[in-house]
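Residues or ranges marked as transmembrane segment in TrEMBL: 45-65, 77-102, 114-135, 141-161, 182-205, 211-231.
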Amino acid sequence: MEKDALIQVGGDIEESLKGNYTINVKAIINEAWALTKQSRVSINLGVLFCLFLSGMLFFLVANYFGDVKATVENPQANFAVNILITLLVSPFLVAIEMMGIFHAVGIKTQPKTLFAFLKKGSLVAVCALLSSMLISLGFSLLVFPGLYLLVALSLVLPLVVEKGFTPFKAITVSIKVTRFKWLSIFSVYSILFIGLVISFIPLILLANTSFQIIGGMFFFLSMSYLAPMFYNVKGILYREMFGMKLAIKASDTISQDNIFSA
């Protein structure tokens, strides 16, 4: 009888901690676009769910503080909203990030994947909160420290659920690994940001005109591609830097139930 086998797909953490990995900006963008054309539904549904949940939490806090205007103008209310959204939405956001990683290693995803990592929700929430605090601290000092940490910690949450790292270890490893190719990683994200800016242009130019609906349609159509592409890009980056262990059954099929090394 043939036995199941574990294979390593992509990079290796030990090697990446030494800087032994490659980030090809053009290749990553091209691969992410190809993946996005094949699989958009699961990620888009996940993003919509997170937006809906964030909106619900915001209005709950706004109702507590009086109204939306009072919440926006109240620093304490803003802080409460940010903390609440970070803690409660991050377990679902990491699931969307894992969808991108699954796509990058050849695993198909379904909308139910959004709820697959709730058992590690508390650790993810703590990691997300710590990362958010570090990034905010960086931006409070100067723009560059905040921007540096924003990129360096962009892949920290999957390390908690896929590798089983503690929040502190995930943050430490992420910063150590990304320092070698920070500029290349930043370049990848910059291309996506340019795409986001372009998607806003018709919306702004056609606002308050009889063609504003066209601008709105262009924006939402663009986002239906940009959002999944963003997470597919993150998935490819994660694969190249940290890798992922997959369980191959004797029938030569990948088992999604046994893919984690933790």
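Positions of Cβ are set from backbone N, Cα and C atoms, glycine also.
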Cβ-based contact of the transmembrane segment (211-231) with the transmembrane segment (114-135), 3 or more pairs under 8 Å: no
Contacting positions for the transmembrane segment (141-161) when only residues 6+ beyond its ends and CB under 8 Å are counted: 90, 93-94, 97-98, 101, 117, 120, 123-124, 127-128, 131, 134-135, 167, 169-171, 173-175, 178-179, 182, 185-186, 189, 234, 237-238, 241-242, 260
